Amino acid sequence: MAPPAKRARRGLVPPGYKYLGPGNSLDQGEPTNPSDAAAKEHDEAYAAYLRSGKNPYLYFSPADQRFIDQTKDAKDWGGKIGHYFFRAKKAIAPVLTDTPDHPSTSRPTKPTKRSKPPPHIFINLAKKKKAGAGQVKRDNLAPMSDGAVQPDGGQPAVRNERATGSGNGSGGGGGGGSGGVGISTGTFNNQTEFKFLENGWVEITANSSRLVHLNMPESENYRRVVVNNMDKTAVNGNMALDDIHAQIVTPWSLVDANAWGVWFNPGDWQLIVNTMSELHLVSFEQEIFNVVLKTVSESATQPPTKVYNNDLTASLMVALDSNNTMPFTPAAMRSETLGFYPWKPTIPTPWRYYFQWDRTLIPSHTGTSGTPTNIYHGTDPDDVQFYTIENSVPVHLLRTGDEFATGTFFFDCKPCRLTHTWQTNRALGLPPFLNSLPQSEGATNFGDIGVQQDKRRGVTQMGNTNYITEATIMRPAEVGYSAPYYSFEASTQGPFKTPIAAGRGGAQTDENQAADGNPRYAFGRQHGQKTTTTGETPERFTYIAHQDTGRYPEGDWIQNINFNLPVTNDNVLLPTDPIGGKTGINYTNIFNTYGPLTALNNVPPVYPNGQIWDKEFDTDLKPRLHVNAPFVCQNNCPGQLFVKVAPNLTNEYDPDASANMSRIVTYSDFWWKGKLVFKAKLRASHTWNPIQQMSINVDNQFNYVPSNIGGMKIVYEKSQLAPRKLY
């Protein structure tokens, strides 16, 4: 008889928690809430202390401080009690200092003291301040500066470190100073870590770092800009060329890491799609550090010479919209996220958002008589919504050497499958019984059902006939749906192409065959285009999903009632039959079969250009799927991160003289890093046969390595090669 399974030690853990309390083991499963997750991290740190020969129970440690920071905004009673317990411990217990032989549970160890900066950096500064700047101490083991959970409305952490005579100059809130000049303030990490857990689960931690370059904005003003290309749509039949809209152009830039290529390299993605069956999005955190601000001046000589100087008093403005107050503007749909190459500097995209603008465009064709109805009406006063970051989101001011961390955001999303389905309606349920089986091998030897079609047993919905065939037998539901691909709907702000789930259609050049709806991506050098390509034309690819609706629209037909066998010409509507006497207009162009019986999978991850997560719509009736991203955040999503070089004015500034400020040309370089955590399920093999996996041939291998002058590209990879049954 097998010995009984050992139960995990519970310890003194209150109800509703797994790790919040002393004496429990570290294998209790997933934490129940953010406070419990902080407690688990705290327990792991304590275990590391004990292994190194230190007793954390008698001292106040950095792990205790991290727990205090992570639970400062806790809403649950256990988190509040734990928070105040360790605050009390902080007041009475001696301090325990982390050392390099004491590993953190969240990030690699680093020296706890920084070396002094080179003296020449502070020559000018020393004239104004006392000499002998002390070393700045820092807790390098704290995850993402403070590891604080970012709740709704939570405040990020800002650390301003000063190299002054006071020694340790760290503090919260905005501010400036010469701080960390010449001092390393972080790590550059682009590794993907795979931690294999129990029961076939894998924790995937994707680290990403980039050098970000930010110029000062062209203007410090918010501007309402209208795009008008009515000259294009004034020609009959050119409705799809419509670009008219209004947008608010802001002086801010958006740091957007919401694309697969920001986090995974091609080798990582190959490992994930070949070995795992589903992905769960767990948490996200990001940080800005090693801020550098410089001014640019130009000499009056010929030719002019540009001079670049560090400006220790200029500021970088940073704002985190943790409450999602501002319009949500994911940049992947415009291919404007952070770049995909870790060794290349990247830029944040200028932030702008749509403004309400009414537009009327009546459909026309080349044979239409008269001028098309082509009107833009302007903004309805009832719908005006003008957002500014300065009065909606807390803004932090960073100077050279300062840091900013968002804390940790925990996702609430449904998982994403990494397998595709092959079963369509014709492959659901029990196949018909065969009275005759083949007696020899060969493709020309078939089985035979044997029973006459009008004498078979089963269920149909035909009503007017007793014929039971593979075409007429009733299936449990409808797998996928047909949708008109080239369908444009009119809204009060103009026409738009209706999004559909990708299907398996026919040739896109045949008017009688529906296109498949697979997304087509256009992108530049930061996002996978061959870096030696010249000209302005972006590179493109069409992502042909394995997981589709299994449809074949050119084979559709509709039969008349009463149902007749065989069907005659006046009892059937074929894809090639015109509707309303219009040549080229048939029911596959306008027919939508989506309904309450429709079964459909989520959209696949598109590596590297696809969006990862999307925001849930603030509507009462919400869409079941989003076509841009496989993960849809419930209730809230990570706050957008905005940056801007603060105005660096000259003595000639006069607010009444001009709309343009008199500014010193200033730019910033800073380092950005983030951590995106997934949970994945290892794929088990349930079939005898091997399956197709993500691989490349010899010729394609050279797409992933640089040429002799550094030219390279990123080729998109499939994400759902492994098949699975759905019924």
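Indices start at 1 and increase along the chain as displayed.
In case you wondered, yes, glycine gets a Cβ from its N, Cα and C as well.
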Among ranges 19-64, 295-340, 479-524, whichever one Swiss-Prot labels region 'Phospholipase A2-like': 19-64
Distance [Cα-Cα, Å, rounded] between CYS633 (disulfide bond) and ASN323 (Mg(2+) binding site): 13
Which of CYS633, CYS637, all disulfide-bonded residues, has a Cβ with the fewest other Cβ atoms inside 10 Å: CYS633
Reported mean pLDDT - the motif 'Nuclear localization signal' (4-13): 55
Secondary structure content, the compositional bias 'Polar residues' (25-35) (per DSSP, counts of residues): 2 helix, 0 strand, 9 coil
Residue pair ASN323 (Mg(2+) binding site), CYS637 (disulfide bond) - Cα distance, angstrom, rounded: 9
